[in-house]
Amino acid sequence: MSDIYPVKPGFAERARIDKAAYERDYAASVKDPEAFWGKAAERLDWYRKPTVIKDVSYDLADFHIRWFGDGELNASVNCLDRHLDARGDKTALIFEPDSPDSPARHVSYRELHERVCKLANALRELGVQKGDRVTIYLPMIVEAAVAMLACARIGAVHMVVFGGFAPNSIADRVGDCGARLIITADEGLRGGRKVPLKANVDAALKLPGTNTVETVLVVRHTGGAVDMQMPRDRWYDAVVDPQPAACEPERMNAEDPLFILYTSGSTGKPKGVLHTTGGYLLFAAYTHEAVFDLREDDVYWCTADVGWVTGHSYIVYGPLANGATSLIFEGVPNYPDFSRFWNVIDRHQVTIFYTAPTAIRALMREGEAPVKQASRASLRLLGSVGEPINPEAWRWYYDVVGDGRCPVVDTWWQTETGGILISPLPGAVDLKPGSATLPFFGVQPALVDAEGKRLEGATEGNLVLLDSWPGQMRTVYGDHQRFIDTYFKTYPGTYFTGDGCRRDEDGYYWITGRVDDVINVSGHRIGTAEVESALVLHPKVAEAAVVGFPHDIKGQGIYAYVTLVAGEVESDELLKELVAHVRKEIGPIASPDFLQWAPGLPKTRSGKIMRRILRKIAENAPDQLGDTSTLADPSVVDSLVKNRHGA
Ligand code: WT7
C-alpha cells in the first residue's frame with residue numbers, strides 16, 4: 001500500500017479543474033473526441049476554423065493521423081500577436097543568465113513580437129521559404145525562443161540541436177533534414193565554462209552531407225572570437241537589427257510541419273520526430289494550462305533545455321500560447337553553488353517550478369541547507385519530467401523544496417507525444433509519490449503483455465495508447481515507414497510507447513522505464529546502438545555492446561563492453577581514449593560511465609548478443625543471469641562476471 005497525498009482543499013477551491021470536472025471531462029473526451037477537441041480548439045486563433053476535427057486510423061492498411069485538417073493558423077501569431085492588446089507589456093520571457101552577477105532581463109510580449117518579426121524578415125531576405133528547414137544550435141538565451149517563433153512565422157520548419165551535441169551529431173541531423181540555414185552563437189556559457197558553438201558548427205559543416213546549408217547566422221553572445229567564413233557566415237545583429245518590426249505571418253494548414261526534433265530509438269540513427277502546427281500547439285497549450293493550473297500572474301519556470309522537447313512544449317510554445325511568463329535559464333543547478341535554483345526562484349518570485357528527477361536527486365545529495373537558505377515562499381506548484389521519480393526524491397521535493405505546501409505533478413510523456421499524457425491535475429487528483437497517476441483528457445492508456453494481449457485491472461505490462469491525441473507526432477522525417485514500423489506494428493491498432501508500466505488497484509499508472517534498447521540518462525534518451533556505432537568507429541575496437549544500469553543520480557548510466565581488434569592491448573589509457581572518443585562522436589551526454597573489456601560477448605548460436613545477460617552483469621547481479629544454456633560459448637560469461645565493475 002503506497003501513501004496518498006490528497007488534493008489540498010485550499011488548492012482545489014482555486015484550481016481550474018477539480019475532481020468532479022476532471023472525471024466528467026475525461027469521460028466526455030474519450031466518449032466523443034470530436035466534440036471535446038473541437039471545443040478545445042477554440043482556445044487558438046484560427047484564420048480558418050477547423051470543421052474536420054479528428055481523422056485518424058491506426059489500421060496499417062489505411063494508416064493516417066490528421067487533426068483539424070482543414071484549419072489554418074500561425075503558431076507565432078498564437079504565441080505573440082493575439083496577446084498584444086491585453087498583455088503587450090506583460091513579461092513573456094525572463095532571462096536568467098549563467099552568472100548570477102550578470103543582469104537578468106525581462107522581455108515583454110510586445111518586444112518579443114518585434115524581435116521575432118525582425119528575425120522572420122531577415123530569414124525571408126536570406127531566401128528561407130515556407131517548408132524549408134532551419135537548424136537552431138543556441139545556448140539557453142532569448143534568441144532561442146525568438147528563432148523558433150521566427151521560423152514558425154514564415155512557415156519554416158525548425159530543427160533544434162541541443163547545445164551539448166558534438167559536430168558529428170549536428171552534421172547527422174542537419175544532413176538528414178537538409179537544413180538551409182543554421183542559427184547559432186559565438187559561444188555558450190554554462191556553469192562559467194564556455195561552449196564553442198560556432199566552432200562546432202564549423203566542424204560539422206566540414207562533414208559530408210551538410211552542403212544544403214547556405215547561411216550561418218551567428219548571435220554575438222559572449223563576444224568570444226570566432227572564424228567567420230564569408231559569405232556563408234553572417235552576424236545575427238547585422239542582418240536582423242535593420243529589419244522592419246512587423247512581419248506578415250504565413251497562413252499555415254493545421255497539418256503543416258512546425259518542427260522536427262531528433263530523438264534516439266532502439267536501433268539506427270536518431271529519428272526526426274515531426275510535429276505539425278495545429279494539433280501540437282493546441283495540445284502543448286492546453287496541457288500546460290491544465291497540468292500547471294496556470295493563472296494570469298504566475299511566474300513559470302521549466303529548467304529543461306530548448307534542445308529537448310520539454311523546452312519546445314513547456315518553455316516556448318505552451319506557455320507563450322497561454323500568454324504566460326516563462327523563465328529561460330542559461331546556467332546549471334550547481335553554479336555558482338547548489339542553491340542556484342532556489343535563489344533564482346526567490347529572485348524572480350517563481351510560482352511554478354518544473355524540473356527533472358536527476359536534478360532533484362543531485363540537489364538532494366547536498367542536503368537541506370542550500371534549499372533552506374532561500375525562502376521559496378512564492379512557489380505554489382512543483383513538476384517533474386523525464387524519467388521515473390523515485391518516491392524518496394519525490395518526498396524530498398515535496399517536503400523540503402515545497403515545504404509540504406505545493407502539489408507535485410509527475411508528468412509522463414515523450415518527444416513523440418508532443419505534450420503531457422499522464423499526470424495528475426493538481427486540483428483534481430490525489431498524489432502518490434512515484435506515480436504519474438492518471439491520463440490527461442482524451443488519452444487512453446492500456447497495458448499489454450509481450451504477445452499484445454490486453455491486461456486488465458491491477459497489473460504490469462507494456463504501455464500502449466489506444467487512440468490518437470492532437471499532439472501526436474505525424475511521421476519520422478523522410479522515413480514514414482520507420483514511423484509506422486516503430487510505433488504501430490508491435491501491437492497492431494495501438495501506439496506503442498516503448499515503456500513498461502504498472503497499474504495499481506486505483507487505476508494509477510507507474511512508469512517503470514524503457515523496455516527497449518533505449519537508455520534514459522538524466523532524462524535524456526540515448527540509443528545503445530548509437531553508442532555502439534560510435535565505439536566501433538574507433539580503429540582498435542572490433543565489437544561493442546552497450547546497456548543501461550541503475551545510477552543513483554542519473555537514473556540510468558551507460559555501461560559499455562568492448563572487444564578489441566586482435567593484437568590490440570587493453571590498457572587504462574585506451575579505456576580513457578575510448579570514452580573520450582564517444583564524447584567526441586556524440587557529445588558528453590553519451591559518455592560511458594563504465595567500460596569493461598570483453599574478450600568475448602555472450603551470443604546465441606545465431607550470433608545475437610544476449611543483452612539480458614549483459615544488463616544483469618552491469619547491474620552487478622550475476623546471480624540473476626537466468627538461462628545461459630542457449631549461448632554459443634557460455635564460458636565468456638564467467639570472465640565478464642569476474643571482471644565486472646561492481647565486483
Ligand atoms: C521517455 C521519453 C517527456 C519529455 C522528456 C523526455 C521517460 C519521461 C517520465 C515520467 C517516468 C518518464 C519515459 C519516456 N519519461 N517522463 N514522468 N515518469 N518516465 O522525453 O527524451 O522523448 O523520453 O522518458 O521512458 O518514454 P524523451
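Every residue, even glycine, has its Cβ placed from backbone N, Cα and C.
Pulled from TrEMBL:
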| type | residues | note |
| --- | --- | --- |
| DOMAIN | 22-79 | domain 'Acetyl-coenzyme A synthetase N-terminal' |
| DOMAIN | 81-465 | domain 'AMP-dependent synthetase/ligase' |
| BINDING | Arg190, Gly191, Gly192, Arg193, Thr310, Asn334, Ser522, Arg583 | CoA binding site |
| BINDING | Gly386, Glu387, Pro388, Asp410, Thr411, Trp412, Trp413, Gln414, Thr415, Asp499, Arg514, Arg525 | ATP binding site |
| DOMAIN | 530-608 | domain 'AMP-binding enzyme C-terminal' |
| BINDING | Val536, His538, Val541 | Mg(2+) binding site |
| MOD_RES | Lys608 | N6-acetyllysine |
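Positions of TrEMBL features highlighted on the structure.
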residue: Gly191; record: CoA binding site; contacts (Cβ under 8 Å, 6+ apart): Asp98, Gly331, Val332, Asn334, Tyr335
residue: Thr310; record: CoA binding site; contacts (Cβ under 8 Å, 6+ apart): Cys302, Ala304, Tyr354, Val385, Gly386
residue: Trp413; record: ATP binding site; contacts (Cβ under 8 Å, 6+ apart): Val385, Gly419, Ile420, Leu421, Ile422, Ser423
residue: Ser522; record: CoA binding site; contacts (Cβ under 8 Å, 6+ apart): Ala356, Thr358, Gly386, Glu387, Ile553, Lys554, Gly555, Ile589
residue: His538; record: Mg(2+) binding site; contacts (Cβ under 8 Å, 6+ apart): Glu577, Leu578, His581
residue: Val541; record: Mg(2+) binding site; contacts (Cβ under 8 Å, 6+ apart): Leu535, Val562, Thr563, Leu564, Val565, Leu578
residue: Arg583; record: CoA binding site; contacts (Cβ under 8 Å, 6+ apart): Ala166, Ala590, Ser591
residue: Lys608; record: N6-acetyllysine; contacts (Cβ under 8 Å, 6+ apart): none
Mind looking up the mean pLDDT for the domain 'AMP-dependent synthetase/ligase' (81-465) in the predicted model? 98
How far is it from Gly192 (CoA binding site) to Pro388 (ATP binding site), counting Cα to Cα, in Å? 30
Would you list the other residues of this chain near Mg(2+) - those whose C-beta lies within 8 angstroms of the C-beta centroid of Val536, His538, Val541 - in sequence order? Ala534, Leu535, Leu537, Pro539, Lys540, Ala542, Glu543, Ala544, Val562, Leu578, His581
Go through Asn334, Thr411, Thr415, our binding-site residues, and report the one whose Cβ sees the most other Cβ atoms within 10 Å. Thr411
Report the binding-site residues (Gly191, Arg193, Arg583) that meet this criterion: Cβ distance to the nearest atom of ligand 1 under 6 Å. Use sequence order and write none if nothing qualifies. none
Arg193 (CoA binding site) to Thr415 (ATP binding site) - Cα separation in whole Å: 29
Using C-alpha atoms, which one of the binding-site residues Thr411, Thr415, Arg514, Val536 comes nearest to Arg190 (CoA binding site)? Thr415
Out of Arg190, Arg193, Arg514, which of the binding-site residues has the smallest number of neighbouring Cβ atoms within 10 Å? Arg193
Rounded to the nearest angstrom, how far is the Cα of Val536 (Mg(2+) binding site) from the Cα of Arg514 (ATP binding site)? 24
